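What TrEMBL says about this one:
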| type | residues | note |
| --- | --- | --- |
| DOMAIN | 1-450 | domain 'Major facilitator superfamily (MFS) profile' |
| TRANSMEM | 18-38 | transmembrane segment |
| TRANSMEM | 50-67 | transmembrane segment |
| TRANSMEM | 79-99 | transmembrane segment |
| TRANSMEM | 120-137 | transmembrane segment |
| TRANSMEM | 157-175 | transmembrane segment |
| TRANSMEM | 210-229 | transmembrane segment |
| TRANSMEM | 249-270 | transmembrane segment |
| TRANSMEM | 282-301 | transmembrane segment |
| TRANSMEM | 362-384 | transmembrane segment |
| TRANSMEM | 396-420 | transmembrane segment |
| TRANSMEM | 426-446 | transmembrane segment |
Amino acid sequence: MIIITSVWQIDQTADASFLGWVIASFSLGQMVASPIFGLWSNYRPRKEPLIVSIFISVAANCLYAYVHVPASHNKYYMLVARGLVGFGAGNVAVIRSYISGATSLQERTSSMANASACQALGFILGPVFQTCFALIGEKGVTWDTIKLQINMYTAPVLLGAFLGVLNIILILVLLREHRVDDSGRQCKNVNFEEASTDEAQVPQGNIDQVAVVATNVLFFVVLFIFALFETIVTPLTMDMYAWTREQAVLYDGIILAALGVEAVIIFMVIKLLSKKIGERAILLGGLIVVWVGFFILLPWGNQFPKIQWEDLHNNSIPNTTFGEIIIALWKSPREDHNEEPTGCPIEQAWCLYIPMIHLAQFLTSAALIGIGYPSCNVMSYTLYSKILGPKPQGVYMGWLTASGSAARILGPVFISQLYTSWGPRWAFSLVCGVVVLTILLLLVVYKRLVAFSVRHGRIQE
């Protein structure tokens, strides 16, 4: 949200299309960097790619704090800064690879869930910090000596840079290379030389590439679905409930923060539940819950959204009958010209004939998606790490992270085009179809999604 609101503040020539590139640049940077950092971590101590990636993020945040200084082309400096932050975020592949190599099969799910819970906690605290920094205001204070403006837009990135430096110090002081096999026995690190010779060797065997590809597809769909849900929340609530922009930011922020709290709880429950029914069953159940959530979002009934007609012109009337337009306008009384137009824009022709999604519908759907998404997310890369086995997983984790980044780029584009042109009924019906196909894929490869050591008969499932 800080990025969205500050683009036009810094460079008045930036339009909505450029804003889309600024937002997408983070995922593009992460998609490019993930395999690179993953490959690096396979052959060198993981401290190296972690420190370098965090340093890039720190530098990018500092660049963002100074994008107001150049006399022109400020928006391009912001684009570069955002892309570099995403490039630094490619270290997620290294982190997951480290967790996979440092835990046994018994510990893996719990450790992955803990890491995901920390991410969800950041998702919750982010809007809180944003609200606090908003108190500084747009003007803020200026440190003339170094030309640094500290305001509501730069304070978050400066905090991010500070936390990055703190992370580098913690990595240098606390992080130790540690590898175990799937049974938990200490084994030799293959990405750099060690003095110890009494450790178990890394087991040999072929990785099930079909399971690897299938898990990448599953992870892509899971991230794709949540990315499109995040994207559609604000326009959907503004169209259906006639919320203003300010109301949408506030209420949707509360809803997403609540989903973050829900995700933390789900991660804790998963740690216990996976020991009883296994990761594959949780992944399947999570996808079913997500499907139910989007099915509930389908519009039903005969109550229609309020029509936003303040900006109606003769050349903007969609291909509808004159009677439909008159009825729509009659149901949407004109408001004060000074007020922000609210409701479903008449330029979206479907507003006239698609029933509204009731608030209870939307909240129920959000709660279900908030259960299904974190379950599918953590189970996808937990299963992935177990399928790969005890060999260095940096490159494979890099490709998994890259597939997730691609999903976060394509998801918003997919849902925005469908929703604007065809409305929520078509959009969410197609999402339900995608989830059904994903469930079928999971059922086809279900028996192949087993741990490397289980597949090769070294450990009983």
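Glycine too: its Cβ is placed from the backbone N, Cα and C atoms.
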Ranking 50-67, 157-175, 210-229, 282-301, 396-420 by the number of C-beta pairs under 8 Å to the transmembrane segment (79-99), which range is first? 50-67
Out of 157-175, 210-229, 362-384, 426-446, which stretch has the largest tally of CB pairs under 8 angstroms to the transmembrane segment (396-420)? 210-229
Looking only at residues six or more beyond either end of the transmembrane segment (362-384), which have a C-beta under 8 A from one in the stretch? 96, 108-109, 112-113, 116, 120, 212, 215-216, 218-219, 222-223, 225-226, 229, 233, 236-237, 240, 255, 258-259, 262-263, 266-267, 270, 274, 279-280, 282-283, 285-290, 292-294, 296-297, 396-397, 400, 449
Could you tell me the mean pLDDT over the domain 'Major facilitator superfamily (MFS) profile' (1-450), as a whole number? 81
In the same chain, which residue numbers or ranges, 6 or more beyond the ends of the transmembrane segment (120-137), come under 8 angstroms Cβ to Cβ? 1-2, 150-152, 155-156, 159, 253, 256-257, 260-261, 263-264, 267, 374
Any residues 6+ beyond the ends of the transmembrane segment (50-67) with a Cβ under 8 Å from its own? 10, 33, 37, 74, 77-78, 80-85, 87-91, 94-95, 147-149, 154, 157-158, 160-161, 164-165, 167-168, 171-172, 175
Using a Cβ cut-off of under 8 Å, list the residues of the same chain at least 6 residues beyond the transmembrane segment (210-229) that approach it. 283, 290, 294, 369, 373, 376-377, 380-381, 383-384, 387-388, 396, 399-400, 403-404, 406-408, 410-412, 414-415, 431, 434-435, 438, 441-442, 444-445, 448-450
Positions whose Cβ lies under 8 angstroms from the transmembrane segment (18-38), at least six residues beyond its ends: 3-4, 7, 49, 53, 75, 78-79, 82-94, 97, 393-402, 405-406, 408-409, 412
